[in-house]
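Below: one structure, written as structure tokens.
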Amino acid sequence: MLAAVGVCVVFAGFSAVLSQPFNGVHLEPDQSTRVPNGWRRLERVGESESVVLTFALKQQNVEKLEELFWKVSDPDDEKYGAYLSLEDVTSLVEPSKETVEMVGRWLRGSGVTDCTTVLTRDFVECSMPARKAERLLGGVKFHRYTDGKQTVVRSEVKYLVPRHLKDHLDFVGGVHRFPSGLKLQKKEKTYEPNFHLGVYPSIIRGRYNLSETDIGSDPKNAQAVAQFLEQFYRATDLEEFMRLWGGGFTHLTKTAKVVGPDSGSAGLEASLDVQYIMSSGANISTWFWSTAGRHESQEPFLVWLTGISNMTSVPWVHSVSYGDDEDSLSADYMQRINTEFMKAGTRGLTILFASGDSGAGCREVSKDKNVFRPSFPASSPYVTTVGGTMFHSPYEVGDEDADYISGGGFSNVFDMPDYQTDAVESYLNKSTKLPPKSYYNTSGRAYPDVAALSDNYWVVMDLIPTPFISGTSAATPVFAGILSLINDMRLQQGKPALGFFNPLLYKSGWDLLYDVTEGCNLGCLDDLTNLQGFCPTEGWDPVTGWGTPNFALMKKLV
């Protein structure tokens with residue numbers, strides 16, 4: 001994924017010296033090193049086995065980048081839609097010469113030479129023997145871990161870097177964070193007479209007012225899904241899915257491009273992502289971003305994120321089903337990830353994340369005291385987050401209620417952005433079913449922003465139609481595909497792509513979407529909340545955002 005472009009520039013002229021003991025400092029002191037539930041430690045990694053580390057170099061002009069990000073994203077700003085090229089972004093944020101030299105000297109002096117960098121020159125990925133990596137990072141100990149489906153190489157001992165590099169590195173990837181992804185659920189259903197038989201493309205397109213002519217046609221348009229669960233999709237499954245449910249609208253039966261490994265075992269998540277973004281965003285060129293087959297020590301999410309910074313031309317819309325508990329991640333790591341989202345936004349990219357499938361979440365902070373548990377990147381102010389809904393009546397395709405699994409709440413790390421202040425304050429003032437205030441941070445970034453059906457999907461896997469699949473990772477590609485249709489219409493008229501959607505959304509949410517006002521998401525199982533999280537109300541709410549798509553009205557965005 002990473003290009004060798006610039007490596008000679010980065011490391012030229014550095015003398016190899018014997019590594020010396022250093023005065024170390026923790027870059028991410030608040031990063032959890034706990035082994036997640038479901039994972040278990042295996043053997044110590046052999047001293048000559050290779051590990052791959054990703055070094056996030058400090059960027060320049062991050063404040064200027066954010067200023068530009070808001071300008072090109074605000075429909076009321078004269079710079080709205082005046083997006084930057086990757087070359088422009090690189091010129092703005094690439095690390096200083098001093099940072100490049102300091103980090104390069106440290107790596108080279110430690111005998112680490114097998115390194116590559118991205119086009120924006122702010123990530124460097126290096127391969128080295130495990131024991132050399134352990135010495136490089138101040139005594140970490142790499143072990144192999146498994147969840148029964150995949151193995152990773154990680155350390156439970158926190159890493160150190162030389163103190164003089166503290167102002168030159170944001171974090172080192174491939175050491176502590178375990179792979180995370182939103183796994184679809186299978187909800188068993190008992191059908192009764194007249195029960196509609198689940199969600200498939202004609203249900204989606206009918207409910208969200210997509211006619212047979214609402215398809216893509218602009219050759220400059222493209223959309224993408226990213227997969228982090230060691231899964232792939234099979235082209236034959238996509239073809240069978242479209243044969244079964246692709247009638248009534250023009251569609252494609254093949255993806256245009258696979259970024260990363262182009263083979264692997266078929267999985268529900270990967271299959272659903274491709275099948276439904278290509279049904280709602282019909283006839284639009286679609287990329288599949290694969291991290292299957294990555295090195296055991298790589299972080300799949302970083303593989304995707306650095307890939308975005310390493311390609312001059314990428315799809316306009318990205319659907320991503322990925323999330324971690326905010327409290328399991330370091331603040332510096334999350335802030336750097338936010339900067340990467342800003343880089344994408346200034347290029348005109350629209351990035352949507354699933355809000356998660358644990359409702360408001362729950363964390364025990366002390367005996368008899370719980371709080372809600374927000375998820376990241378769902379809680380990032382710089383992405384559009386998609387919650388989930390289900391049909392109000394199982395007997396008809398009509399109004400939707402909040403899905404109880406729909407992730408939603410308030411960040412404990414990021415302040416509420418200006419674009420949503422009025423909407424959130426209105427919700428807090430008029431809702432009659434608010435949980436106790438001790439459970440959430442009313443001044444934090446609130447999410448989700450929008451929603452779509454997340455319950456009872458049909459998916460084809462291994463040529464077998466599979467029912468009852470549920471999760472906000474089903475809702476996200478549906479909403480992403482619909483935004484791709486909006487982009488298609490804008491591009492045909494010579495207008496810029498939507499870019500970061502939220503500023504425009506919060507200025508016009510009432511006019512674009514179906515409002516959802518019934519149902520609640522899950523909270524904590526205790527006496528104070530009794531499993532109830534947040535409940536929707538008229539307008540924006542932290543369960544379904546502004547609501548679900550109504551394409552007939554969303555065309556106003558063109």
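The backbone N, Cα and C atoms fix where each Cβ goes, glycine too.
Source: prediction; values computed, not measured.
Annotated in TrEMBL:
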- 1-19: signal peptide (SIGNAL)
- 198-558: domain 'Peptidase S53' (DOMAIN)
- GLU269: active site, charge relay system (ACT_SITE)
- ASP273: active site, charge relay system (ACT_SITE)
- SER473: active site, charge relay system (ACT_SITE)
- ASP515, VAL516, GLY539, ASP541: Ca(2+) binding site (BINDING)
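Features recorded in TrEMBL, as mapped to the structure shown.
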residue: ASP273; record: active site, charge relay system; Cβ contacts under 8 Å, 6 or more apart: VAL225, GLN227, TYR233, PHE288, SER319, SER321, SER473, PRO477
residue: ASP515; record: Ca(2+) binding site; Cβ contacts under 8 Å, 6 or more apart: GLU538, GLY539, TRP546, GLY547
residue: VAL516; record: Ca(2+) binding site; Cβ contacts under 8 Å, 6 or more apart: THR389, GLU400, ASP401, ALA402, ALA451, PRO536, ASP541, VAL543, THR544, GLY547, THR548
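Neighbour counts were taken as the number of other C-beta atoms within 10 angstroms of each residue's C-beta; across the recorded positions GLU269, ASP541, the minimum falls on GLU269. Of the listed recorded positions SER473, GLY539, the Cβ environment within 10 Å is emptiest of other Cβ atoms at GLY539. Using the Cβ center of ASP515, VAL516, GLY539, ASP541 for Ca(2+), the list of other same-chain residues with Cβ within 8 Å runs, in sequence order, THR517, PRO536, THR537, GLU538, TRP540, THR544, GLY545, TRP546, GLY547.
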